[in-house]
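Chemist: I'd like to ask you about the structure that follows.
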Amino acid sequence: MAAKRKAAAMNAVDDEPVDPSDELAFYCLGGGNEVGRSCHIIQYKGKTVMLDAGMHPAKEGFSALPFFDEFDLSTVDILLISHFHVDHSSALPYVLSKTNFKGRVFMTHATKAIYKWLIQDNVRVNNTASSSDQRTTLYTEHDHLSTLPLIETIDFNTTHTINSIRITPYPAGHVLGAAMFLISIAGLNILFTGDYSREEDRHLIPATVPRGVKIDVLITESTFGISSNPPRLEREAALMKSITGVLNRGGRVLMPVFALGRAQELLLILEEYWETHPELQKIPIYYIGNTARRCMVVYQTYIGAMNDNIKRLFRQRMAEAEASGDKSVSAGPWDFKYVRSLRSLERFDDVGGCVMLASPGMLQTGTSRELLERWAPNERNGVVMTGYSVEGTMAKQLLNEPDQIHAVMSRAATGMGRTRMNGNDEEQKIMIPRRCTVDEISFAAHVDGVENRNFIEEVSAPVVILVHGEKHQMMRLKSKLLSLNAEKTVKVKVYTPANCEEVRIPFRKDKIAKVVGKLAQTTLPTDNEDGDGPLMAGVLVQNGFDLSLMAPDDLREYAGLATTTITCKQHITLSSASMDLIKWALEGTFGAIEEIGTDEDAEKEDQQSESEEKQRMKEEADEEIPMEKPQAYLVMGCVVIRYHPRTREVELQWEGNMMNDGIADAVMAVLLTVESSPASVKQSAKHNKHHHHHHHDETDTLKFLNPHAAQDAEERFARLLMMLEAQFGSDIAPIERPRVPSSTESATTTTNGNGNSKSDSEQLSSLESKTDGATPQDPDTLSELEAAELSRLHALGIPVPGIEIKVDKHVARVWLEDLEVECANAVLRDRVRVVIERAVETVASMWSVGRSSKTITNGGGKEIAGTGADDVASKPGLEVAARA
């Protein structure tokens, strides 16, 4: 597996440049610093996930929608709906039918079943009653029903992978079907809680922290900030006290609730209380709404998704029904004895005391608002608020106990408000006096401040993003969480983005490859063992963000990939190079070459047919020439070279891949230059020089075949000049006049008046200002001596006596007969000497070394006498060694 970065490296990430692909982007299109129209976008590694699509219950028309125009919805891969409440799901039909959204939508089975009826009823209510004089229809009932098939359902605790995004829903405990989603993108784990509850109630499974998963980012609600609720038993007692107080004075109790969710929990509480208090059983409990009746069937269907209390009631009532023998007896836990269902207020006989659970919970429109306007003027009546009240709604205003409330349903029923006057709209409002009592006892299925903080601490995510909360509540919770950082080694980062605000958080996740197949059987070194262990090589396969390392043979089984091996062949015909020369050239480039002998199978592959093989062997037998089997060598462990001596054909064979192709190209480059490169010519010349036992006709044949074997001195001299120009520039000229020996000595030593010899540096003290090599002697005598010397040099194969090299202000002379270098500058002299030696070795033997006696100076300017090349080469410390 890939090595993980050490802690020090991880901590230094913040100081390093961050790749945009390593940043998690979070956009709040709704639900930022507010409660309502929840909609969030997360982007990471090119993947986009949309969380919820709700509408604001306190707003109407387009203003109730999230800010969809601020984001390109066509880039969204998947949309996850946490639960069916309107502030989390009612904008979904608009997204699917009115926008360019192209992704997939997921929710749980129970959520979709209730969502169908809830949104359908919501569309009908909004189309029949509104506080606006000009209503805006965002989508129709047909839009809603036509988009239902686009919604896919998933079960709790099951993992699904969509476009390399892994999602797992967990019970959230908020309402039936409500889910927390664990989202994994490229190893980054994000937990979105939605609305969740950790409280033990009568029918739902409370939310728990996913086990065995390290959460990197937690996106959680902050509805109640840091405020805490009283214990559950105290709230139930307060609820019953408030309800019975109103009933005892002959009033009616209005409990505004969402049609589904907390309403079912309150019905269970009331049913249980009425069961134990016979004096109340004569007072009816009403649950009004056509949608509520239909959705109760869903609750009866998904008993298996509820907690043990509901399952116990189900088994108990099933046993009672079986014991009675009456099959008509209802046996479900949702078949109430004291709760009656009403389709509408038209069938409601408003006489005497009662308890009425009506929707919607925010009292904006609908049945609950109509009953509020009807019962508010009577001081014997009472309103009990049990859910969370969103800012800007009538439910929130009613908690302040105003003296008057605005009549909406009465105005719509009487037709008032449809004729607008030129005056202020405030003057046209119908106000109703409020004399009823108002109590608030929270049974909202949201975590309070203590439960939320404990959940965040248990998850231990390094990054927390707070949503779904009013700004002041959210900031109080943020301050509390940041205050806990003083006790932590790893500080928690808390973000509270507002609507349309972008948050970018850098994350660098280690890329971990899973080793599978044959490679998984390799024993890896333990921590106690020294060394890095064996080198593991294989094929790295990426499927989405998952990496797997496997042997090529396992690709079909573990990756589902079909493998194809491409064998490449290349044929090159050489005119004269032998296998020895080829091997020598390849070894100089690639190191040791492995000889693998002959390959009969390869020979068979080269033969096109059996008839051609027989014909070839017959011809070879007629010629009575013994067949030489091809020689095979392996270069770099991947390229096979076969040399056929008779045809001088070289065959290359290798398995095609990026690395092998590069090696094969390099081998072909060596083969294509093996007959023309100066180094190869020199090597072949060395081999041919000392084998005098070869037949002359064979040697002549090889010279004829090799175009470099018959090169003359002029060609070699031109190559020498080319190499020198590459090193010292173009200011290089041949020396036309040779060095002439003095008449008094056979050597070239110059003596001063005292009989001491002068060194070359003393003789060349004025060389940089002179351009010819003659001494002031008689021109006629000098011309004859020069002519004789030139003739002698030409006879030796030396085209010119020497070469003059000018570099800036310095001049160096090279005499080609003995390769002596003369220069007043020691650095340039040494440099020229080294280049000359390398050049002569490259272009092979230049010419014979003169046999006349010479004086060659060493580094100290002392004279060393010699009689030939052998003597010169044998002297230690020479500046120039003659090359034979």
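The backbone N, Cα and C atoms fix where each Cβ goes, glycine too.
On a predicted model such as this, the values are computed, not experimentally measured, just so you know.
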Chemist: Looking at Zn(2+) 1 binding as recorded in Swiss-Prot, which candidate out of Asp52, Asp143, Asp195, Asp201 goes with His83, His85, His174?
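Modeler: The candidate from Asp52, Asp143, Asp195, Asp201 that Swiss-Prot ties to Zn(2+) 1 along with His83, His85, His174 is Asp195.
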Chemist: Taking His142, His277, His406, His468 as the options, which does Swiss-Prot list with Asp87, His88, Asp195 at the Zn(2+) 2 site?
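Modeler: So, going by the record in Swiss-Prot, that would be His468.
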Chemist: If I take the alpha carbons of His85 (Zn(2+) 1 binding site) and His446 (active site, proton donor), what is the distance between them in whole Å?
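Modeler: Distance (Cα to Cα, whole Å): 13 Å.
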Chemist: Just how many other Cβ atoms lie inside 10 Å of the Cβ on His446 (active site, proton donor)?
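Modeler: 24, counting other Cβ atoms within 10 Å of His446 (active site, proton donor).
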Chemist: Measuring C-alpha to C-alpha, could you say which of the recorded positions His174, Asp195, His446 are within 10 Å of His88 (Zn(2+) 2 binding site)?
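Modeler: The recorded positions close to His88 (Zn(2+) 2 binding site) (Cα within 10 Å), listed in sequence order, are Asp195.
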Chemist: By a simple count, how many Cβ atoms lie within 10 Å of the Cβ of Asp195 (Zn(2+) 1 binding site), its own Cβ left out?
Modeler: 29
Chemist: Other than His83, His85, His174, Asp195, which residues of the chain come within 8 Å of the Zn(2+) 1 site, judged by Cβ distance to the Cβ centroid of those residues?
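Modeler: Close Cβ neighbours, site residues excluded: Ser82, Phe84, His88, Ala172, Val175, Ala178, Gly194, Tyr196, Gly261, Ala445.
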Chemist: For the recorded Zn(2+) 2 site formed by Asp87, His88, Asp195, His468, which further same-chain residues have Cβ atoms within 8 Å of the site's Cβ center?
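Modeler: Output for this site, in sequence order: Gly31, Val35, Gly36, Ser38, Asp52, Gly54, Ser82, His83, His85, Gly194, Glu221.
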Chemist: Recorded positions His83, His174, Asp195, His446: which have a Cα within 10 Å of His468 (Zn(2+) 2 binding site)?
Modeler: Asp195
Chemist: By a simple count, how many Cβ atoms lie within 10 Å of the Cβ of His85 (Zn(2+) 1 binding site), its own Cβ left out?
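Modeler: I get 28 for this one.
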